[in-house]
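Colleague: One structure is given below, represented as structure tokens, and several questions about it will come after.
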């Protein structure tokens, strides 16, 4: 309950990046360009995978779901962030803020699980190639991806129910460019200790444990690769997992930096910069990694371009 001299807040104001008035137009245009590239790139991958039967296999199904998660994260955050940059602050209702939190972290948790599933897929392909088709097929991959999204929806639903019960009194200023977990808790006037520990538990389960599984998978993969006698064979084996490894490094680098690193006095300022990598750089670079380093996707884009030219 709010005190006698306090007002119950129903609207929150995100102030984003302060003291950037001189660079407002540049930052807005940069954010717009990155978002457009992210949107088109990830949408193109989803379209290519869904429309080409040659790409109807577990690995590309996982890639298309990663692109879907990237689309949801960037679309949930970047358009509103551009309003914050242009207006030097932007208000959101508490329900709108919680909805943004929900979509961002459902996709985040799902991505962590999908990346773990992809590492298992690469482990089977390289370490157990003769058993791959018997273990991994489209039916299994659909179930694994469904389970990844279900875990994200279930866990974030628990947090959202608890966050919606928080009260915000007097202050309504969030020093961030989106409704992240830590700024929301810092602003709340309610007891948040249980919710904070619950979030840490979820992060360990959905962020840290998948990272450990991915690391163990790649240790096994590298052991097998190093045992291959020919250099050509080693290079070919490594190329099948190099794109996934790059995505894991960029994704977990930013994610652990924001949500698993120890907090400091200037944590909010640091986390805003790290969060930019998480919500803008990673969704933007994933289409580049998967398209530039993947022969099948490049060939599919070329064939699509040729068909369009032949029609005209």
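Cβ coordinates come from backbone N, Cα and C, glycine included.
Because TrEMBL annotations are produced automatically, they should be read as predictions rather than curated entries.
Not measured: the values here are computed from a predicted model.
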Colleague: So which range, 99-120, 165-186, gets flagged transmembrane segment in TrEMBL?
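Modeller: Result: 99-120 is the stretch TrEMBL calls transmembrane segment.
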Colleague: Between the transmembrane segment (99-120) and the stretches 25-49, 132-156, 200-225, 273-292, work out which stretch tops the count of Cβ pairs under 8 Å.
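Modeller: Looking only at 25-49, 132-156, 200-225, 273-292, the most contacts with the transmembrane segment (99-120) come from 132-156.
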Colleague: Over the domain 'G-protein coupled receptors family 1 profile' (41-290), what is the model's average pLDDT?
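Modeller: Reported value for the domain 'G-protein coupled receptors family 1 profile' (41-290) is a mean pLDDT of 86.
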